[in-house]
Amino acid sequence: MNLVIVNTSCANLASVDFAFKRLGVTPVISADPTVIRSAERVVLPGVGTAGAAMRELNRLQLVGTLQRLSQPLLGICLGMQMLTRQSAELRDGQPVSCLNLIPTEVERMPKALDLPLPHMGWNRTEVSEHPLFKGFGEGEAAPYFYYVHSFAAPLSQQSIARCDYTQPFSAAIAQNNFMGVQFHPERSGEAGARVLQNFLEISC
Amino acid sequence: MLAKRIIPCLDVRDGQVVKGVQFRNHEIVGDIVPLAQGYAAAGADELVFYDITASSDERVVDKSWVSRVAEVINIPFAVAGGIKSVAAARDILAMGADKISINTPALRDPDLINTLVDEFGQQCIVIGIDSFYNQQSGDYEVHQFTGDEARSGKTNWQTSDWVQEVIRRGAGEIVLNCMNQDGVRRGYDIEQLKNVRKQCTVPLIASGGAGSMEHFYEVFSQAQVDGALAASVFHKAVIQIPQLKDYLRAQGISIRP
C-alpha cells in the first residue's frame, strides 16, 4: 500500500506515521505534489490552528493538488476541518477559507457551564455504516475515541459519525473520496486502529 | 459522555522510571518503554512522563525515548521536564508526543506559555503547577524546581492567581499537583481541587495523593476533575487499572471501557 502523509510541517506527523506502521504499512511523508498525486491513500494530519495550516498548504502550493485528488483521503482533526468550506477559527479577524471539499463549515464549540474547553479526552461516538466504521457492529457498545479540539463541524448531511460535548457535532464527515475524523484515530487505542485499517481497505 | 481519564505518571530520571516520596529518595521502577506499553494495554487513558531532573540541572536531556514510546503506544501521552523554548517543544512534539507540559520554565518566563500556544495550538500545551498548602499562613503557594531539593522553593504566586494567569495566556490543560499529598497515598486534596475547579475553564487533572480506588471516586465525584493522575499505586501494583475502571464504572463514573 502506497500511503502518503502530507507533510504540513505540523507537529503530529510522527504519531500518525507510527500508527500506520503498527498496521504494517510504511507511509511516505511528503509535500511533493507528484508524490501525493501518485499515492493510493493520502492522509492529511494537522495540529495547530486553521490559519497556520492553510497558510502552510498555500506556501507549499498544495491546495490545487489536494482538491483534485480522486483516491481516498483522510483528514485527521485539524486536517478534517481543512476539508470544509471554512473555519471560524479567526486569522486577522477573518474566518479562514479551507479546501472546500466537503460542504460544511467549522464553528467554535459553544461554552457551557461546567464543561471545560478544549474538548479533551475519550468520548463515546455514534458511528454510521460508512465503510470507515466497518466492524463497529450493532449490539456492540459505541466506541470511545480520543478528541482534542475547540472547533467542530455541526451535524449535517455529510456527518458519518456523531459525538456530543456541549452539543452534538460531527465526529466524522465524508463526501466522495474525502473523509475526515475530528478525533485522533492514531491515539484512540484499538478502536482508532480499526478506523485506520478500514481506511486502508476502503475503495472509492 | 466524555470519560474521566485515568493517567499513570512515569517520573523519568536518566532514561529510567523512578518514584520518590514527596519528591525525594528516588528509587528505580523500571524501563520506560515496557512500562508505557503495559499501562496502555491495561486501559490507561493517557500517560505523562516527567523528566524530573531536567529543569533543575540546566542541561539538555536525551529525549530519544519519546519516539520509542510513540512507536509502541496507541494512547495519548504528554512529556514534561526542561522544555524552555519553542525549539525544544517542537523536537518533543516531532518525536510523537501529543502534549508538552511546562512547569518551572513557565514560572521563570510566563511569556513562554503564550508563545508555545501561538506556535503549536492550545490543545498541546499543558501547565503543571506544584501547589503547597502552608498551614501557618493558610495560603496555597506555587513552588518551583521541585525536582531538585537544593533549588526547590516557593514563588511569589498564590495558586489561584497562577491558575488564572496560565489560563489567560492560553494553556490548554492544567495538572495541579498538591504537594502536601504527594506520594503519601492519603487521598487527593479534594478541597483545593474543588476550589481550583470552580475557576478553571480548561481541563483540570488532579495529582498527588492517590492511595486507593476510593480516592479516585472521591476526586471525580466531589472535585469534578477531568482526569486523575497517579504514580506509585500503579507502579507498585497497589491498584490495577482494569479493576479501578470496573469499580469507578460501578459507582456511576463515566469511564472508557
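For all residues, glycine too, the Cβ spot is worked out from N, Cα and C.
Listed features, source TrEMBL:
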| type | residues | note |
| --- | --- | --- |
| DOMAIN | A:39-200 | domain 'Glutamine amidotransferase' |
| ACT_SITE | A:Cys77 | active site, nucleophile |
| ACT_SITE | A:His184 | active site |
| ACT_SITE | A:Glu186 | active site |
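Mapped onto three states, the DSSP output places A:His184 (active site) in coil. A C-beta separation below 8 Å, combined with a sequence spacing of at least six in one chain, links A:Glu186 (active site) to A:Asn12, A:Ser15, A:Val16, A:Phe18, A:Ala19, A:Ile76, A:Gly192, A:Leu196.
Distance noted between the C-alpha atoms of the residue listed as 'active site, nucleophile' and A:His184 (active site) is 6 Å. Most buried of the active-site residues A:Cys77, A:His184, judged by other Cβ atoms within 10 Å, is A:Cys77.
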